[in-house]
Structure formats: structure tokens, C-alpha cells
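Novice: This is the structure, below, for whatever I ask next.
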Amino acid sequence: MSRFLRPAFRLATTATRASTIRPTPSSLITKAAAVPTTRLLQKRSYAAEATGVKEYTVREALNEALAEELESNPKVFILGEEVAQYNGAYKVTKGLLDRFGEKRVIDTPITEMGFAGLAVGAALAGLQPVCEFMTFNFAMQAIDHIVNSAAKTLYMSGGIQPCNITFRGPNGFAAGVAAQHSQDYAAWYGSIPGLKVVSPWSAEDAKGLLKAAIRDPNPVVVLENELMYGVSFPMSEAAQKDDFVLPFGKAKIERAGKDLTIVSLSRCVGQSLVAAENLKKKYGIEAEVINLRSIKPLDVEAIVKSVKKTHRLLAVESGFPAFGVGAEILALTMEYAFDYLDTPAQRITGADVPTPYAQKLEEMSFPTEQLIEDYAAKMLRV
């Protein structure tokens, strides 16, 4: 067991940004902006040179994961709004109704409280439901079922009554949908005992983490991102097999480096990789980029090991700054690697405001490649 799993008091920090460091409108997080990141990864990926590698979108990877689990386990079923006849709001469940039938792929009324309650009840009865939310913003209607029923039953029953359920759907930034559809709930669910929380970035992340979630006896929250569904990644031959799963609590080093550690999750990983390449081209800086994959459990050992090598830490997330994932990462780094830091650890987050609908204001509400680059350059004094 990791020596980093002991309880600890959490630190609250306030980051003051320099007036010269501001998001650039041209760096708006969009689907188009995600494409260069993918091309960059294809050039540097070991998988791109291997035999049997195929291109998968994140959507296709999720669809394949669901199909494989439905095929292999009769206890697995999917329910949610428009998941069946419409093939899902984002087409993640495309073709599954035709293949597995209406008893395994179930359309529900527009009532998150209702179908989440049905899903939790089914899990307590021994089935393994995959409960899709059209967006995790709507899951607030079902928060009692997730937090009080699914997350707590195993503990309250003394380990007798498991609740094998997967909650999945898009989370975080989604361009042009304003305050009630753009929130990042990683910190919310990550703070709840009894829940496991993952947030995929690449196609391999999406498939491996979703399959692991469905197979896990605990309730798992899978936080996807709407803007990543259509982005393509190389999928290794191993990841294409139906036994491919990724372990929880294990981060992945997407880019090795020696000067700075950038820890990120979900689509911010791609932004961090673009910023890291720009830092190398402009200043010769080699930044190490860590893809968390798993929020709870968190791979503290990977973060600490990297910080001991680079002596600098920058956490990047799209959530609100107060009590967020970045704040937790900084607090843990202070506890376990403080003596190795050459400069105070920093974090980049979404703005502490409800997400504006106006495009120019929206652009300034989330991390951008330029903002990450500026923060890193300031930390390294270049």
C-alpha cells in the first residue's frame, strides 16, 4: 500500500496571476483547437509505429468498451436519456440498441432523479448498470442517489452490500452552452468517500477506464468531455482487445521532462502537451506532462516522483479554483515533496465565475495553451 494514503489536513492557497498573463482569444478551447494536439501526439506516440495500430475517436473507444462489456456480461445494461433509439446525445451508444435490444439499452424519461434511482436500485439488486447523464450538470438532480445511496451502501452494510454502478457522461467545458452546462465536477465527486472517479483524455484512456469502471464492484464516476468525443488518437493493438483495462490510481507520463512537472486531466492534458512543445521550441525547456487519468484514487506517488526530478510543479484543470483538484495536488505536494521545490507550486484553473455565454468572456474563463505556457515561463524565469 502506498505510503501516501494517510489522511492529511488540506491547504488552501490563493493564486494571484500577473497582469501580463491573460488568456488569448485565439486559444479558445474548441474542437478545432484539439486537432493539432492530436497530430502532435501521433508524431511522438510509440503506438503510431507499432503493427496493428488503428485510429479511434474517443467516441468510438467508449462505444467499443460498452459493446464489449454488454457482450461479455449479461448483468450489464445501459440506461439514460436518448441512449437507445437516438444512439445517444453524442452518439456514444450508436448501434447498441440494435445489437443488444431494448432490455439492455433503455431510453428513460427526462428525470435524472428517477432513472439514477432505478439504476442504483438495480445495482443493489445485483445488476451492473451504466447510467448515462446527458451532461454531469444534470446529475445534480440525482446527487442524493449518487452520494447517499451508491457511495455509502457498501460501508454502511459492513461490506455486505456492494453497489456496482457506473455513472458516465460529459463533464466540464463545452463551448457556447453557458453557466449551467459547463461546470467541472471532478472535485465534487473526488471528495466523496466510497466513489471512484476517473477522467479520460485519449481513446485508450476512455476505453480502458470505462471497462475498468463497469467491472469494478464500487460505484465509479467517469467524467468525459464533450469536445473530446470527436478527437482521434492512435489505439495500440493491445488496447483494441476486449480484455484491455486500465488500473485506477495510476497516472501516465505523456511527455517526459526534467525542468517542470505539469499535472493535468481530461482535455487539459492536450493543452498542456501543446504548451510543453512551445516551451521547448522557444526556451529549450523540457516539461514533463502527467495525465492523471484517475482522480480518486489519485496517483500521488507519480506526482511526487516527478517533482523530485523537476523541482517545479504546475497543476492545470478546468474546474473552479476554490477547493479544486489543483488545490489538492498542491497540498499533497507541499506535504510530501516540499523540500524538493525550487519555486512555489502553481495552479491554473477555470475562472471563479459562472461560465459566461458571451464568447469573448467565455474564452477568458478556462485554461488555454498560451496561459499554461506563460505560467511555466514565469516559474522558470525565462
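Each Cβ is built from the backbone N, Cα and C atoms, and glycine gets one as well.
Relevant sequence annotations retrieved from Swiss-Prot are reproduced here:
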TRANSIT   1-46  transit peptide
BINDING   Glu112  thiamine diphosphate binding site
BINDING   Ile165, Ala213, Ile214, Asp216, Asn218  K(+) binding site
Novice: Going along the chain, which residues six or more apart from Ala213 (K(+) binding site) have their CB under 8 A from its CB?
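Specialist: Result: Thr166, Arg168, Lys196, Val198, Val220, Val222.
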Novice: Among Ile165, Ile214, Asp216, Asn218, these being the binding-site residues, pick the one whose CA is nearest to that of Glu112 (thiamine diphosphate binding site).
Specialist: Ile165
Novice: Can you check which residue among the binding-site residues Glu112, Asp216 has the largest number of Cβ atoms within 10 Å of its own?
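Specialist: By the 10 Å Cβ neighbour count, Glu112 comes out on top.
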Novice: Fewest neighbouring Cβ atoms within 10 Å: which of the binding-site residues Ile165, Ile214?
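Specialist: Looking at the binding-site residues Ile165, Ile214, the Cβ with the fewest others within 10 Å is that of Ile214.
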Novice: Taking the centroid of the Cβ atoms of Ile165, Ala213, Ile214, Asp216, Asn218 (K(+) site), which other same-chain residues have Cβ within 8 Å of it?
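Specialist: My list of surrounding residues reads Gln128, Asn164, Thr166, Lys196, Ala212, Arg215, Pro217, Pro219, Val220.
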